[in-house]
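A.B. asks: Sharing a structure below in structure tokens format, with a few things to ask.
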């Protein structure tokens, strides 16, 4: 079937938790990823040693219409509560289809899946625009995870529409107090804990000792998350997504979330590639593309030094 990586065994459509359809992608050296058709939602990404790299809450029950807590939710066409729709929009609460006629674009990997989301009548009442949202999830031969989103305005009435977007990525970390983020220092950010007031990041790398919910503006294409205890660095590369959101609920908020363990905030960090501050506008026929590439490399790497591709090739 078109839209599915062709190598035998590299892509498998099967049943996940509660009988929900999921796609499992497998790399040649043991890496894997899982994508639920509910939400177009990546719920697992494992390296060649089969270590889980994404966080999913132990309290997550995988029951629609509730969004999955963890992995990589797709926030569209709204980010947060900035609009009239439900929190983070509706894309993460919808059943996506396998795209049997995806647009041609090259991939070096045999392990990928193409999904598509189109509006339902119910969606059109809440957000009266016609669109096609295409998502390709690719597991690279070196274990990298790539998500490419394409949103096209298919309105027949000639009207443009605007939307916000984020890959709401939950990274699995050993201990939040041992983690630092490089690449966001000196940037301006909007602090969601301070009524979206604008501040400038001080100091060197970001470290964590309390709740954080910030939108960094004009973030670089490459951000590094260093996990000191695991001697692992996540490298996040983004394209078409100007902002970066950093979130951890910390202890008090964690206790108020029914789908989140009281102490789980210690073992996760969201660093999200986003277009959150300034919405994207598409005229009919226009298409937007936003790409995220995730790598996990040994922690000798930090953002100002080696190119992670070279680290991957030598490891």
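Backbone N, Cα and C define each Cβ position, glycine as well.
So TrEMBL has the following annotated:
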- 168: active site (ACT_SITE)
- 272: active site (ACT_SITE)
- 69, 87, 92: substrate binding site (BINDING)
A.B. asks: For residue 272 (active site), which residues of its chain lie six or more apart in sequence with Cβ-Cβ distance below 8 Å?
C.D. replies: 75, 166, 167, 168, 169, 244, 245, 246, 247
A.B. asks: Compare all C-alpha positions of 69, 87, 92, the record's substrate binders, and send over the largest distance in angstrom.
C.D. replies: 13
A.B. asks: Within its own chain, what residues at least 6 apart in sequence put their Cβ under 8 Å from the Cβ of residue 92 (substrate binding site), listed in sequence order?
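C.D. replies: The list for residue 92 (substrate binding site) reads 39, 40, 41, 67, 68, 73, 74, 75, 76, 168, given in order along the sequence.
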A.B. asks: For the recorded substrate site formed by 69, 87, 92, which further same-chain residues have Cβ atoms within 8 Å of the site's Cβ center?
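C.D. replies: Going along the sequence, the neighbours appear as 66, 67, 68, 73, 88, 93, 168.
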A.B. asks: What are the sequence-distant neighbours of residue 69 (substrate binding site), meaning same chain, six or more residues apart, C-beta distance under 8 angstroms?
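C.D. replies: In sequence order, 56, 57, 59, 60, 257, 259, 260 meet the Cβ cut-off.
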A.B. asks: In this structure, which of the recorded positions 87, 168 has the fewest other Cβ atoms within 10 Å of its Cβ?
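C.D. replies: Comparing Cβ neighbours within 10 Å for the recorded positions 87, 168, 87 has the fewest.
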